[in-house]
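Written below as structure tokens is the structure these notes are about.
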């Protein structure tokens, strides 16, 4: 009877519980109100910041801070590239770790340290926003907001003293705001020489660490200790203004510092091709070194002369005698319209013997395309050339003055120097009829021009000009004018958009000045000019 009573009791308990649940459910449905109440709607501006953060804890920084730009395109790019970036980053990490592991295994008498698995997982990092700083220096500063909740699998196996142990990193979370500076900007790919990285605040790093199958981060007290150690160690090394410097390319080769001076004397030409209707030409010569952005130098115009004599001397700064060449073009000057090209010639500098003057008589050709034959003679030109390389102990690469300004190349008059004028950009230019701006630099009667840029009020030239001085121009001034050139079919003439006169006394004292100047005779126009004085 005891067994039967126990069985019936258990059965009755099960029936009672089931019946109670069913009856309670139906009573809940029966007495529950069927009226649908309208939700309370409140505007976000009525909520305080803490309530908003609780409602939307993952608000991107570009929403909260207008200084940060939205970079969804970058996140999409990283998402598509992540499988390949993962492999590339892991392979690079292995190559970097190899010498470090080899050094420490010998030092601590460890048999081997190997990566059993190394992958950053399938979840890429995301950028919540990007802040970009604009400065007057040759640099680019970015501050991306990085968030990464990844699923990496990094397993390291260590063998020592006949034992084997493995450590695995999983569930990595990183939140950081690095400052990335690319400088200096140079005219060679990838267009910057170094990367400087620093952190604007202590990073948040969270991860799981499995050692011998157990997660060490789950041990009470260990998690907070590891967090503090990581934050303090990283902050001590990379928290701004401390930086991590990553060299990308050799700065000296990127900037291609001067290595010598090419002395050119344009002596004369004869039997030039007739270009005018009256059987004459008005020739002049333009000459420059290839691979240089500096404007060409020009001789005087010899009117109505097919056998002109110039006897004019020029000095050109050489940066790479193995690849550069002297390019000469003889033009027929025209009072109206485009000047006609009579002929040209190119002399590779590697064909010149250093410190040995050479007189050349060259046949002018139509162009340097050897496949195109030119049966008609275009005349000849006579040149005297002398390439003077710098001495090893006076190379500008090694002779750096205070402030990082190079010394003038050898051949500069004693007591003088080289005035380098860089025209970077202008902004808010105003033209009544057109705005096709170019800059005109006037120094001691010598005039140089930048290229003109079509239809813009904010041109960016980034052109450099050099003036050789017999003595420091302490009492001299440099005038920079901005003009607008009309289009070829325009009915309006050239316009002046403003000018600035710069005293050079401060440049001689400080060796370098980089400023934005308000243009005279312009309402809002400004121009950025960088000046360097390189003494001999």
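Residue positions begin at 1 at the first shown residue.
Every residue gets a Cβ built from N, Cα and C, even glycine.
Straight from TrEMBL, the features:
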TRANSMEM  7-31  transmembrane segment
DOMAIN    67-249  domain 'SMP-LTD'
DOMAIN    240-362  domain 'C2'
DOMAIN    401-517  domain 'C2'
Average model confidence [pLDDT] within the domain 'C2' (401-517): 82
Secondary structure content of the domain 'C2' (401-517), with strand meaning DSSP E or B: 9 helix, 56 strand, 52 coil
Helix, strand and coil residues within the domain 'C2' (240-362) as assigned by DSSP: 8 helix, 56 strand, 59 coil
